[in-house]
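I have placed the structure first, in the form of structure tokens, so that the comments after it can refer back to it.
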């Protein structure tokens with residue numbers, strides 16, 4: 001999302017209002033139409049590019065590595081103002097089953113969360129602003145913390161993502177964590193173009209694919225170690241300044257433009273930038289990440305059946321969680337579960 005937003009700003013299109021929740025009487029008819037055209041155009045681009053872009057993200061047929069959830073390092077980026085809303089929802093749902101491999105990266109102290117999460121809550125001391133510099137600061141801390149963990153896979157998600165651990169482990173088990181693996185979902189149907197600053201006066205154009213942070217992405221340990229000269233010990237923010245783009249773009253820049261590795265595109269990752277209504281109830285079990293958002297005061301959410309009303313569960317994350325884990329104590333006794341829901345060991 002961050003890098004996609006930057007692309008529109010560079011083109012002179014202001015899309016920030018599209019991502020703010022507004023009251024109906026605050027939005028004029030003309031502005032609604034204009035914003036709707038931008039969104040419709042974006043969704044159309046995604047649909048046109050889906051067949052050609054996502055085929056390479058299909059799961060290979062034979063697992064090459066036996067993985068456990070504890071082999072993963074899942075970094076959740078959040079900010080202090082969302083501790084009691086977005087983050088609480090995640091803690092009540094998917095994180096409750098996966099605290100051992102999940103780490104929360106935030107920008108402020110929280111004694112209540114510290115007591116609950118212990119060392120899995122990391123105060124980055126980065127700015128709370130949603131700026132390029134603040135986002136890159138947090139990603140730098142995520143990366144360094146992962147390297148110190150010794151785990152096989154680094155996976156980054158935002159605080160509006162639901163992570164289906166069973167599907168994530170299944171996906172990553174088809175790749176060797178010693179190899180160069182960078183997997184996620186691009187938010188564009190073409191490589192992004194940027195200007196690489198090599199000094200005070202030297203500049204050159206560069207283009208590369210990147211996985212949008214709003215859908216989540218994963219990097220193998222083997223590849224993460226190769227990123228070290230440009231990402232570890234504070235180098236990540238310096239590298240981000242070379243291209244003047246946000247954190248998720250910088251990850252793609254290091255991997256594709258500097259290291260020569262390639263993004264593996266997967267349709268199993270989802271951000272609020274896509275039309276989430278296209279993810280059907282029957283497909284939920286196989287998805288790796290899900291999301292939610294608002295466009296023009298309307299919810300953009302997964303189309304999932306369940307016992308919770310829209311008022312009770314506006315993001316649909318609780319309904320998704322009960323679909324995947326019907327034994328959760330607060331889930332209704334009878335829900336529409338669809339396909340097999342038992343996930344042993346997760």
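Cβ atoms are placed via backbone N, Cα and C, with glycine included.
Feature annotation from TrEMBL assigns domain 'Fringe-like glycosyltransferase' to 66-316. Here TrEMBL flags 86, 159 as substrate binding site. What TrEMBL lists as Mn(2+) binding site is 160, 272. According to TrEMBL, the active site annotation covers 248.
A count of other CB atoms within 10 A of each Cβ picks out 248 as the most crowded of the recorded positions 159, 160, 248.
If you take the C-beta of residue 86 (substrate binding site) and look for same-chain residues 6 or more apart in sequence within under 8 angstroms, you find 78, 159, 160. If you take the Cα of residue 248 (active site) and the Cα of residue 272 (Mn(2+) binding site), they are about 15 angstrom apart, rounded to a whole number.
Note on residue 272 (Mn(2+) binding site): other Cβ atoms within 10 Å of its Cβ, all shown chains, come to 22. In the three-state DSSP scheme, residue 86 (substrate binding site) is classed as helix. According to DSSP, the residue listed as 'active site' sits within a helical segment.
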